[in-house]
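Peer 1: When I checked TrEMBL for this same protein, it listed these features:
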type	residues	note
DOMAIN	1-317	domain 'Major facilitator superfamily (MFS) profile'
TRANSMEM	12-37	transmembrane segment
TRANSMEM	44-67	transmembrane segment
TRANSMEM	73-93	transmembrane segment
TRANSMEM	137-161	transmembrane segment
TRANSMEM	173-196	transmembrane segment
TRANSMEM	203-222	transmembrane segment
TRANSMEM	228-249	transmembrane segment
TRANSMEM	261-281	transmembrane segment
TRANSMEM	293-311	transmembrane segment
Amino acid sequence: LSTIDSLVTFYLAFIIIAIGSSLGGFLTLFVTVANWFEKHRATALGIATTGVSIGGMIVPLVAYALTTYGWRSTAFASGCIILGFGLPLVPLMRSTPERYGLLPDGVTRLKAEDHNDALATKHEGDFTAKEAMRTSAFWLISFGHGSALLVVGAVMVHLIPHLVDRLDMTLESAAVVVTVMTATSVFGQVGGGFLGDRMEKRYIAATCMLGHTIALTGIAFASSLSLVYVFALIHGLAWGVRGPLMGAIRADYFGRSSLPTIMGFSSLVTTLGNVAGPVFAGLMADWQGDYEMGFVILALLTGLGAVFFLVTKKPVLAT
């Protein structure tokens, strides 16, 4: 990215980035953690996904680097950091516990002998990808998740430009708002995982969707920095709490056997939300001259998306 000199190389760079993010991003993380945990799956996913939010807390540093050293140097340094820290961690990843003589939740083969019948029963109830896609739950969860990403994607791309344009904030000051938002999501992820192991996940997710709606609507019309922070906190909390539940609920409903494929097909739907949100907000801003209308429409669509989670039910595999 730091060496691009044309629109073609710009697109090629982002295609490569998108492929890398897809192969080693949320899908890989969610499936791996879900394979290793069953009893405390939501909590484990909540803790695991905090790394993404912690990474988002360096946005002010990135903003400083952009204004001080330029985007090319910042992009090059970012790539070096990813290679230096990311590649050495790859060999430590373990896809499934069974490959290493273990079972989920840290149970060893020796300890598991008395639980073979229960384990077999669990795997007999696992859905194949084809079976999962025939259920309404698969599509309701996918569309609900995609609806949430309408707001998440729009906020991540357009929050800083919106704050700079509407409140005349500096790039660095707007970046601090993003940092506070992502820091809040860290607490939300841990708390959401804890709640998800003890309460009905779909109800928690639906509540978070309403939080997204309130937050983006508030951000659209906020006239002071204090209000921006209030709604950024609400969005960060809703984002954090909901995040780990998206992988946990799929694993709970469809089992572990075909979870990677099920998550992959589901991501075809959710990615539409992640892409459509920023694009729609940008088009509306170009048309209206500000982000207000675009943000409100996306917020309402996300609020309606809460219905998807409310009406979904755990499917029963036909025998």
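Think of each number as a place in line: the chain as shown, counted from 1.
Heads up, the Cβ atoms here are built off N, Cα and C, so glycines get one too.
For each feature listed, report its degree of burial, its nearest neighbours and the pertinent distances within the displayed model.
Peer 2: Mean pLDDT for the domain 'Major facilitator superfamily (MFS) profile' (1-317) in the predicted structure: 87.
Non-local neighbours of the transmembrane segment (12-37) in the same chain are 1, 4, 43-45, 48-49, 52, 86, 93-97, 104-105, 246-248, 250-251, 256, 259-260, 263-264, 267; each lies 6+ residues outside the stretch with a CB under 8 Å from one of its CB atoms.
Counting only same-chain residues 6+ beyond the ends of the transmembrane segment (137-161), those with a CB under 8 A from a CB of the stretch are 171, 174-175, 177-178, 181, 205, 208-209, 212-213, 215-216, 219, 232, 235, 239, 242, 246, 249-250, 253-254, 262, 266, 269-278, 280-282, 285, 291, 294-295, 298-299, 301-302, 304-306, 308-309, 311-315.
The list of residues near the transmembrane segment (203-222) in space but at least 6 beyond its ends in sequence, with Cβ under 8 angstroms from a Cβ of it, reads 144, 147-148, 151-152, 154-155, 159, 162, 166-167, 192, 195-196, 228, 230-232, 234-235, 237-239, 241-242, 245-246, 249, 291-292, 295-296, 298-300, 302-303, 305-307, 309-310.
Tertiary neighbourhood of the transmembrane segment (261-281): same-chain residues 22, 27, 30-31, 127, 129, 132-133, 138-139, 141-143, 145-154, 156-158, 247, 250, 254, 291, 294-295, 297-298, selected by CB-CB distance under 8 Å and a gap of 6+ residues from either end.
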Peer 1: Does the structure show the transmembrane segment (73-93) and the transmembrane segment (44-67) touching, where I'm treating 3 or more Cβ pairs under 8 angstroms (sequence separation 6 or more) as a contact?
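Peer 2: Yes, the transmembrane segment (73-93) and the transmembrane segment (44-67) are in contact.
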